[in-house]
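Heads up, the thing below is written out as structure tokens.
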Amino acid sequence: MATLSLSSRPLTFLRPNRTKPPLHRLLRHKPLASSSASALTPPTPRADPSPTPDPDPTPLFLRSASHPVPAAALASFRRRAAALVPPSAPHLHRHLRWLLVDAAADPSSDPALLRAPLDDLEAMWTRHVRERRPFQYVVGNEHWRDLVVAVREGVLIPRPETEAVVDMIRKVEGFADGWWADLGTGSGAIAVAVARELGHEGRVFAVDVSEVAVEVATLNVQRYGVQGKVEIRHGSWFEPLEDVKGKLMGVISNPPYIPTDDLPGLQPEVGWHEPKLALDGGKEGLEHLLHLCEGLSSVLKPGGFFVFETNGNKQSEFLVDLISTKWNSSFHNVEAVLDFAEIKRFVTGYRR
């Protein structure tokens, strides 16, 4: 896959986009029942229905501005698009402005040069407003930390709270020259952000069972020029890491953690469009998290660090108690860490 330049991206779009609500605000929390701590076999990935493919899966801002449109026709589209927005949804007016910024090389010129035919923009906007398709899927990117991350249907949209894991690992002594695993890498956002902080010897092994995620993560790795530091591996959790067992300085994962029964309560933008493979954590949301806990000691070297994102408070507290008791001889300093909303979002610890 050819490396794509970011030079055509307006600089104003290099700031993080906070329009997506944090995932914990989209969920209905339920108390955790007691869970078995017995050894687990790898959870079976949950198949998603194949998403409807876009005519062009290239993120809008990376397409060539090769579609001239008269300024009057573009203004007419803007009026039609705005007319679809209900008064109760001012955020959609912001999305419309951003769509036009992404789509037009210079919207003030006449004719304007667009990166997609006007009919395609009309279809994109209609799906966003009427079908509740996430705006990130409409334009093909999400603003995350200082990155513009390519996304598309079949890949989880990175959330703002997940940005904190990069700051956590930067505090690990010697992190810059260590080997790290990003399990369930999705778009590759974490892997790319970590790789940009690493030294010459540092590496990230970005693992995902989804072929779509592997494709999108590869695109993001290439766009940011970190191919020499990120190795993308296709497979389930620890299975692709046999050759680096006991050598990893750290394991990072934002796994599926939503209880299956909570999935119908998600906002339509999430439940209707984002991949269940990346959302469904089984009956209590713990299926994949417990599997990760089981395999940690075999891949981390002594002193190695781990950080998992969870569904919040009760899930994190349960995992801290479990790791601190069942695997006390293998880990220390296990704790729940707050996100920016003061929710116990992460579980961290160190290999003895």
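Using N, Cα and C of the backbone, Cβ positions are placed for all residues, glycine too.
Per TrEMBL, the features are as follows:
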- 1-10: compositional bias 'Polar residues' (COMPBIAS)
- 17-31: compositional bias 'Basic residues' (COMPBIAS)
- 32-41: compositional bias 'Low complexity' (COMPBIAS)
- 42-58: compositional bias 'Pro residues' (COMPBIAS)
- 176-257: domain 'Methyltransferase small' (DOMAIN)
- 1-64: region 'Disordered' (REGION)
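In the predicted structure, the domain 'Methyltransferase small' (176-257) carries a mean pLDDT of 98. Shown for the domain 'Methyltransferase small' (176-257): DSSP residue counts in helix, strand and coil, namely 28 helix, 22 strand, 32 coil.
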